[in-house]
Structures are given as C-alpha cells and as structure tokens.
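So that you can see what the record holds, here are the features copied from Swiss-Prot:
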BINDING   Asp78, Asp120, Lys121, Glu446  Mg(2+) binding site
BINDING   Cys119, Cys195  [2Fe-2S] cluster binding site
MOD_RES   Lys121  N6-carboxylysine
ACT_SITE  Ser472  active site, proton acceptor
Amino acid sequence: MKSDNVRIGLERAPHRSLFKAMGYTDEELNRPLIGVANPMNAVIPGHVHLNNIAEAVQKGIYLAGGTPAIFGGIGVCDGIAMNHAGMKYSLASREIIADSVEIMATAHAFDGLVLICNCDKIVPGMLMAAARIDIPTVIISGGPMLAGSHPNVKNGEKIDLITVFEGVGAVKSGKMTEEELSLMEDEACPTCGSCAGMFTANSMNCLTEVIGMGLPGNGTIPAVMASRIRLAKQAGMAVMDMVEKNITPSQIMTPEAFANALAVDMALGCSTNTALHLPAIAHEAGVEFNLKQINEISARIPHLCQLSPGGYHRIEDLNRAGGIQAVLSELIKHNLINTDCITVTGKSVGENASKARILDPEVIRSVETPYHKEGGLAVLFGNVAPEGCVVKQSAVVDKMLVHEGPARVFDSEDEASKAIMDGLIKKGDVVVVRYEGPKGGPGMREMLTPTSVIAGMGLDADVALITDGRFSGGTRGAAIGHVSPEAMSGGPIAAVREGDIIKINIPEKTIALDVPEEEIKARMAGWTPPEPKITKGYMARYARNVESASKGAVVL
C-alpha cells in the first residue's frame, strides 16, 4: 500500500513517532490511511457545516477498517466575492484547490481519499485532483440549501439568492422598495448549504454523481437532512471498499462517463460553468473534450427539469422527485445513457439507477413530455467567437432566441453594471463586456450583477449580453459568455465598436458581428493589448499561464 512508505518498517520509526504525537495508535497505523479533505470555513454558507460531514466521513472510514487523516482546504464564496475585485480570484482558486490536494495526498502517501466539497470552484477543483492523483477516491458534497419563502407575496412563493440579486434591479427600476428588499434578504437563504437552485455548485454536485465519483444522492440531498450525514458515513465506507478492490478515478472518469455527464447536464439545465469545468476535469483525466460535443448531445437530450433560475423548482424539489438517479433512469429507458460505466459504489450506473423512478412528473418530466426538445446549454460559433461561446438556452425567453441589436461596448464589468443601473441600456441593445476573460480579467469574473439587474428591471426579454467573462449559474436571459478567443488574446470581440450590429441565433448556434471581414481585420491590425490589470502575486502568474475558456481555462 502507498501508506507503507510512512507506516511500515524499521526506517519508518520516525514517521510513526510523528503520527503518535497526534494521538494515533499502533492499531490505527496498521490500517489503510485515508486522507479526508475538509474545506470548512465560516465564509461560505455551503461550507460552514462541513465539520459535521467530515466527522461522519471519519466514522464511516473507521467502521470499514481504515484510519482517517483530515486536512483542510480553501474555498471562495462566489456570492460574497461578486461584483468586486474578489471575483477575479474565484475561478483561479480551482487550480489552487486541485494542486493543494495533490500535494497533501502525495506528500503523506494516502491509500485513498474522501474529498468533501460543496461550492462552485471547490467541486471541480476536487474532481481535477482526484483525476490527477488517481488513487481510490470518493467525493461527498455538503448538500444544497433549502429555498426561502417570499416575505412580500401572499402564501410565500419560493425564493433564493438570485431573487435577492434581481431585487436590486427591481429597486433601481422602482418596482420594489428598499424595505421590501431588506425583508427578502433576511428570508432568501434560510439554511446552510449550496445555494438552492441549479446554479454552479449544485450543477457540479449533480454531475459528480452522474460521472460516478459521488454516491447516489450526492447531488440533491439537502444539507440539513439526516440522510446527508448518513451519506457521508457511507462515503467513508465506500472508499475502503474501493481501496480493497483498487477502483480508481481513471476507471470511473472515462469518455463514456463524461458523455453521461453532458447528457444529464442537458436534461437538468445546468450552469454554463459546467462548460468550463467538465473540459478541465477531462483534461486531468486524459479524456478528449470538445465544446462541439455539447451541441451534439444537446440535440438529442431533451430538457426535463425546469429548475431555478430557469424555473420555479429548487434542488429540494428535485431530491423529492427522485433525484439524479430518477433522471438517469428516465434517460436509460430511452438508451441515452451508457449504463456500463463503473462508479464509486463498485456498481455500474445502470445498477445504481435500476430501482429509481420519477416521483413527481412535473419536477422531472419524461423524455416524451419535456420542457424543451433540446438540452439546457448551447455553444454558438461565428466571427465574434471563432472558438465558441456558451449560453444556457433553457433560461432564455423565446423572443430572445433570435435577436439582433446595436452593441453597447464596455471594457469591464464595472462600466457595464454602472451603465445598466443608470438606465443607459435600452430595449434591443446587445451589451458587450470584454477584457474580462481568463487572461484579461484576469480570472474571468462572473457577470451576475449586470444580468440580474437587467432581469430585475424587466429587460431580460429585450436585452442580450455577451462577454469573454462568464456567468453565475444563477443567470437567466440571453447571457452569452466564454467568448473565445478572449479580447486580451486578440480575439475578434476586441474589434466590436459601439453601435455595431450583432446577430444572435441560438437555434442555429450562430453569433455574428455584422461587419465585413475586411473591416474586422483592419480594426484588429491596429489593435494592441492593454496593460495587464494585475502585475504581481498569484493572479499575475495565473494570467500568464491560463488557457482559453474554450479549453476549460486550465493552467499549464
């Protein structure tokens, strides 16, 4: 076993002495050593309770005959980091998380890992680490937050964090008072857990379950339910079974598993950020991933779940309706899933889902009666985005699926947000936000503030926004991100000028700057990149080494 390097033999007496300094007994040191990553902190609602999950995981490892060794990890709350310099660091933290888990697992010769995570960049960071290290590993999430209840509406319809973001726009446009918004902010996030809709964190937790790196229930069991604690114990027991059978991530994270993940991604209407994270995870797993796969799979996988921000239902409803296993079961009935893929249970995807069924056909619709005939995401190509750009088509109102309008050009999110809040954006406009890509931002900030204000002002049915930055999983409307190549790398989005007509056709998967190619080339011939916004520290190094969003924004 790997841990023999720190436990067994005469030469390892100093190593054992150090373990004994922490209270480990000889009996514990004669068992497999399992690393437990616990990124608990008191800054993220989705991570504030992870000590409870970690305690349960450790109990599960002990129950199955292993010895847990817990270590910490960082985590950024995207909501708190939103709309200021902190958001530059969110995506970049994904690589730090992956690197730090690799360091801890390798330095201490763990035989297996249980990686606890829950929020936006922590989940993909942990998955990237699992693929890279390739020792028996189980991912266990902390679970979703429950939805809040609207304090300003009779019978209290469900609300979540995005309701509050959109409330800012409603106040700006006079549709809501500040007092009403204050009441809403008190009620929108009533428990710990990852934010309640199908935003990035829950998207990735659900896809972790589909890929096979998380146990059934991982994606949807709410944070505050006792069954989440039981699942954490089972995760600890499962990793011991994997160690015994030598089941590793490379056996689980196969091309077929990623195809399954994309299929369920389309059925659920997941965050556009999955189009960043799945390629990055696949890169670590040595699996080829092309953005065109999204359109190919979306064309044959219908959209079955209308979850917030694209609909009324929340993750707690999806859990009640049968969860991810019920979605898989429905897709399996129509031969849309590879059922042979192995999972952390030691069983196949098909075996895990064999007893699942849809318990609420309005939350999880059948393939015959979907919300939309195509899946949740689409990748658009054209002269403004030769390498592609991404939109959550399931959250776009029908009239905006095909749109053309004048470009309103901004070289930062801050400029765009101010213009929107000042009422300078009109119906029909196409807001262009550039120099916010992985290199240009740097860090590819989420544009939740401008898109939420647009929605809160009631303009989401009339205004589009395109950017080389990205969007929160909570974004809705004609919000088109990940434009590649980005402006900082000389992508043609840098050539767009105020008033240029931009044509968007989501059904046809096209986006075009209505300017002759000769003119675009002439504009770019006179273009020079702006000075870097950050010249020292981690983000300066990140900007120099990060790849295009079309490649998952991985750091080489």
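Yeah, the Cβs are placed from backbone N, Cα and C, and that goes for glycine too.
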Which same-chain residues, if any, lie at least 6 apart from Lys121 (Mg(2+) binding site) yet have Cβ under 8 Å of it: Gly75, Val76, Asp78, Ser90, Leu91, Ser93, Arg94, Ile97
Most Cβ neighbours inside 10 Å, all chains, among the binding-site residues Asp78, Asp120, Glu446: Asp120
Residues close to Mg(2+) site centre defined by Asp78, Asp120, Lys121, Glu446, Cβ within 8 Å: Val76, Ala81, Met87, Ser90, Leu91, Cys119, Thr200, Ala201, Asn273, Ser472
Spatial neighbour of Glu446 (Mg(2+) binding site) that is closest, considering only the recorded positions Cys119, Cys195, Ser472 and their CA atoms: Ser472
Secondary structure of Cys195 ([2Fe-2S] cluster binding site) (DSSP, helix/strand/coil): coil
Helix, strand or coil at Ser472 (active site, proton acceptor) [DSSP, three-state]: coil
DSSP three-state assignment for Lys121 (Mg(2+) binding site): coil
Distant-in-sequence Cβ neighbours of Cys195 ([2Fe-2S] cluster binding site), under 8 Å, six or more positions away: Pro45, Gly46, Gly79, Pro144, Met145, Asp160, Leu161, Ile162, Cys189, Ala201, Asn202, Gly474
Alpha-carbon distance [the residue listed as 'active site, proton acceptor'; Asp120 (Mg(2+) binding site)] in Å: 9
Close in space, distant in sequence - the residue listed as 'active site, proton acceptor', Cβ under 8 Å, 6 or more apart: Asp78, Met82, Ile162, Phe199, Thr200, Ser271, Asn273, Glu446, Met447, Leu448, Thr451
Neighbour count (Cβ, 10 Å) for Cys119 ([2Fe-2S] cluster binding site): 28
